[in-house]
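Feature list (source: TrEMBL):
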type     : residues  : note
TRANSMEM : A:16-33   : transmembrane segment
TRANSMEM : A:45-67   : transmembrane segment
TRANSMEM : A:87-107  : transmembrane segment
TRANSMEM : A:127-146 : transmembrane segment
TRANSMEM : A:153-171 : transmembrane segment
TRANSMEM : A:191-210 : transmembrane segment
TRANSMEM : A:222-245 : transmembrane segment
TRANSMEM : A:279-304 : transmembrane segment
TRANSMEM : A:311-328 : transmembrane segment
TRANSMEM : A:340-360 : transmembrane segment
Amino acid sequence: MKRFKYADERISERDIMIAIPSIVMGVGILSMPKQLASVTKGADGWIPLLLGGLFAVFISWAIAKFASGFQGQTFLTYASKIVTKPVAIVLSLMFAILSIFVTAYQIRKISNISQQYLFDRTPIEVIALPFLLVVVYAVSGSRAGLFRINMMFMPIILSIALIIVVFSVGWLNAGNLMPVLQTPITGYTQVIANTGAISYLGFGILWFYLSLVDKPKKAPKAAALGMCIPVGLYMMIFIMCIGVFGNAVTSNLLYPTIELAKVVEIPGGFFERFESVFFVIWIMAIFITATMAMDIGIFALNAIFKNTEKLKIIFILTPIIYFVGMFPRDVMEVDLIGSIMSWLMLILNITVLILLTVVAKIRGVKRNE
Amino acid sequence: MNKAYLFLLGCFCLLLAGCWDEVNIEERGFVIGVALDLAEEQSGDKPIITMTDQFVVPSGLGTPSEGGNNAETPYNNLSISGQSLFKITREMALIQGNPPFYEHLKLIVVSEELAREPEMFANSMDLLIRDHEMRRETKVIISDQKAKELLEIESQIEPLPAMHIDRVNENMDKSGALIEPLRIGNLNEYMLEKNNYLIPRVVPSDGKMMFNGAGVFDGKTNQLVDVISGLEIVAVNLITGDLKGGYIEFESNDGEMVYEIKRAKSNIEMNIDETGKLNIDIEIDTEGYIAEVFSDNSLLSKEYFNELDKLISERMEKITSNIIKKAQEDIGMDFFGFRKMMEERHYKEWLKVKDNWDEGENIFQNASINVTVDATVRATGTVDQTRD
């Protein structure tokens, strides 16, 4: 079986810039306005969204800055140098396991949502399987190819999101955005912890993908810029949701972003049911999120088990992902797993960042600038 | 290797076995209107609802070239009674081959009889908000008579009754007696925020229908409390600043005249003083034309315009004060959205008064509300006098 090989497996810092919004924008945005609106007043949710976003931009920049110091080295290599090999393996394994959970969660969530809105009678298991198989197909090819998919999908995804924002302006009721700044401080802290920062998870990919970048000098800036895209988009969508539905309704809609897409009507009865287009495109967004998450898992495992073929790892992981995804019984359990997973991911990223930076300083590990 | 491929190919053939959710477009029963009534025969303690779905019959519509002169009616109404609306929608699938499909639902008509029952209105709206096929743009109106009768009123121009009513509902810029069409998404908002609201009201008569006033709903019990007239809606629209167009008849020294309102704006200031009394100041600015004159005087003079301005302002002040008085004294409910404005602009004060707005301490009923109107006449149409 001959496989087509791309010339090289190198990527540019522009690929990194696109990869960040690609992995960040997944299923989270569909329910994010609800979670924010239910603990804030009026449209105040934009503040934690912005603060969480700035925090995420900073973390992405810091991770990229740190990782770009070790040009051409994988996470395992430089982590071994800093904190000894066993610890590095444990860290890699944790990234791999969490990435697998992220993939499983994304697949389960989109299966649930598309069953609710599109496939009334198709079992969730059947919706999830083809989706997973396509994801598997994508990851079993070249890694550089993944970045090309990102590059191709991202403009489409961004434009559909912008179209929704623009066309729902007609339904906007400015009164809904008030009262301004009436949320108690406790409300904000709760949100920043619960949704603000977690909506932006995905910067973990930088630990791994930066080793593929040829000239990582500009990568930190690119990563930070990339993170700004979801921050801006999330804020726009959140404000539109509140403006169109009002705070009380937004906090009661399970998927406000989809409902927002349902509101959009091209005038004159020319085009109703805009959400069908939105769905198709958002499934693309979730597809690349799931693909990248799975690829990170493979990347991390491949670095540990150097002698095992990539395809073998994929074929072992696939059924695991499927079973993990199908494990939760109902919507509540899916969300619980989602939030536990996001928390672990956040903690892991920050711990690794602090641990590696501090230990590298103490032990004086040289970065190859 | 080839055998493996063949095996895989065989496996994939299993996936071609079929699609669970395949529904051909001609097998969908497109519902464009829903009417909800209290069933005529009630039994047991729980009230029974009659739900009428208006299905589109595409063959009756015809194509433009055919001219649509088919004998067939383009719609088909189906009524079923029961307690649960969901059950009713599924029972419809037992009666006709095309089960109802609500994605294109345009209009929901609720009879006043049903809306007056406590909790019934909110209960019957639940499915229409909750179900994923329902859109939040579907409009809701109430009907003076049986709601299903409204879905039988045919018009020459628009063959589908639900579409016909829907189009009339949009004529807000021609008549101030229509309120902004109520979408079910907004209704959901009112229900969640417990603010009182108005729903456009339709009265059928002699095979025609007409929008006439609006029903006042209590935001806490979601129950029809009272009905206000078309002229009163003009006043409500003036107060809330939602007037898109309309007219005011007034008496001048030279006889009856009609003032067409082209633009109206309102500015509402509210505050609560130390004694806990609510003060609301409403300033209304309108501009428009003299649309009809029943006299033979010349209108074009600065003094005369000023006089007309004053007369119109007084007339508007009168109708707006009347509706406010009615709301405070007769109905005892705030359906102008003042409570919501309070929440938006004075959140801290709102927190203190939100439970005593039109109950308990009755902040709204005891409020002093002042209206000042500044109406301007811009022109007199294309002529000065039509006779001499």
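Placement of Cβ uses the backbone N, Cα and C atoms for every residue, glycine included.
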Original post:
What same-chain residues lie close to the transmembrane segment (A:340-360): Cβ under 8 Å, and 6 or more beyond its ends?
Top reply: 59, 62-63, 66, 79, 82-83, 91, 94-95, 98, 101-102, 105, 197-198, 201, 203-204, 207, 367
Subject >> Stretch among A:45-67, A:222-245, A:279-304, A:311-328 sharing the most Cβ pairs under 8 Å with the transmembrane segment (A:153-171) >> reply: A:222-245
Subject >> Of A:16-33, A:87-107, A:222-245, A:279-304, whichever stretch has the most CB pairs under 8 A to the transmembrane segment (A:311-328) >> reply: A:87-107
Original post:
Hey, would you say the transmembrane segment (A:222-245) packs against the transmembrane segment (A:16-33), going by three or more CB pairs under 8 A that are 6+ residues apart?
Top reply: yes
**OP:** Check the transmembrane segment (A:127-146) against each of A:16-33, A:45-67, A:87-107, A:279-304 and return whichever range has the most CB pairs under 8 Å.
**Re:** A:279-304
Subject >> Intrachain residues whose Cβ lies under 8 Å of the transmembrane segment (A:279-304), provided they are six or more past its termini >> reply: 19, 22-27, 30, 74-77, 89, 92-93, 95-97, 99-100, 102-103, 106-107, 109-110, 114, 117-118, 131, 134-136, 138-139, 143, 146, 149-150, 153, 156-157, 160, 202, 204-205, 208-209, 258, 261, 310, 313-314, 317, 321
